[in-house]
Amino acid sequence: MEKGMFITVEGPEGAGKTTIIGMLGEDLQAEGYQVLLTREPGGIDIAEQIRNVILDKKNTKMDPRTEALLYAAARRQHLVEKVLPAIEKGYIVLCDRFIDSSLAYQGYARGLGIDDVLSINQFAIEGMMPILTFYFDIDPKIGLERINRHKEREVNRLDLEDLEFHHKVREGYYHLMKEHPERIYKIDASKPIGTVYKEAKSLLKKMIDQED
Ligand SMILES: Nc1ncnc2c1ncn2[C@@H]1O[C@H](COP(=O)(O)OP(=O)(O)OP(=O)(O)O)[C@@H](O)[C@H]1O
Ligand SMILES: Cc1cn([C@H]2C[C@H](O)[C@@H](COP(=O)(O)O)O2)c(=O)[nH]c1=O
């Protein structure tokens, strides 16, 4: 593969994104692909620092627009410093969250409006969109129960939003899926890990074979 690919994984809290990305990454590497696993917000030093500010439970006064701008700033730095160079070198980049998170969480659930949040993000990403996005669909109550059971995972400021907010996030993703059926592929993340993994792997392989 001369030029790489950019693939994102989206969904509510505890949907299993990190788990499945890890499994896919291991598999693709074993098959000889160059793979970069990364996440948003974060993935590089500056963006991890921004992540700490956004997700710190003490920052209860954060204004929704400030929040949206911080996510977009972290996204910009991560894209130019890590994602784009890797794609240039032929890597398959699997990114845990990207712009759709901002559209679903800040645009839809926070009520800033999908169009306004899209527009600040367009400035940040300059048209760089994933070729494929997996949307891991889960009832937010089940997702939150999963992360509460997983004791090493620290509960952050966004996790602490009420259940209604998390339901709105899911609704936001449904809206995005309707708008972009050519890019966003829904996976039922309530199924056992092995089933979710098989479905994601099969679609990913199809996409890679098409691009080869
Ligand atoms: N399909 C599944 N069935 C049951 N448990 C699962 C499934 N997928 C993941 N889990 C478990 O749920 C917990 C959360 O998974 P994971 O960290 O992968 O979710 P996530 O989508 O990355 O969450 P977040 O975005 O909130 O960090 C982990 O303990 C994981 O082992
Ligand atoms: C990229 C991005 C993320 N969020 C939210 C979604 C989660 O609540 C946290 C990130 O935590 P995770 O454990 O790494 O999933 O941030 C958001 O609201 N907007 C975004 O653009």
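Placed from the backbone N, Cα and C atoms, the Cβ positions cover glycine too.
What you see is a predicted model, and the numbers here were worked out from it, not measured in a lab.
Feature annotation from TrEMBL assigns domain 'Thymidylate kinase-like' to 9-198.
Taken from TrEMBL, the feature ATP binding site applies to Gly11, Pro12, Glu13, Gly14, Ala15, Gly16, Lys17, Thr18. Taking all protein chains in view, 28 other C-beta atoms sit within 10 angstroms of the C-beta of Ala15 (ATP binding site).
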What average pLDDT does the predicted model assign to the domain 'Thymidylate kinase-like' (9-198)?
97
If you count, for each of the binding-site residues Gly11, Pro12, Gly14, Gly16, the other Cβ atoms lying within 10 Å of its Cβ, which residue has the minimum?
Gly16
Any idea what DSSP makes of Lys17 (ATP binding site), helix, strand or coil?
helix
Just to be sure I understand the packing, how many Cβ atoms besides its own are within 10 Å of the Cβ of Glu13 (ATP binding site)?
20
In the structure shown, with every protein chain counted, which of the binding-site residues Lys17, Thr18 has the densest set of Cβ atoms within 10 angstroms of its Cβ?
Lys17
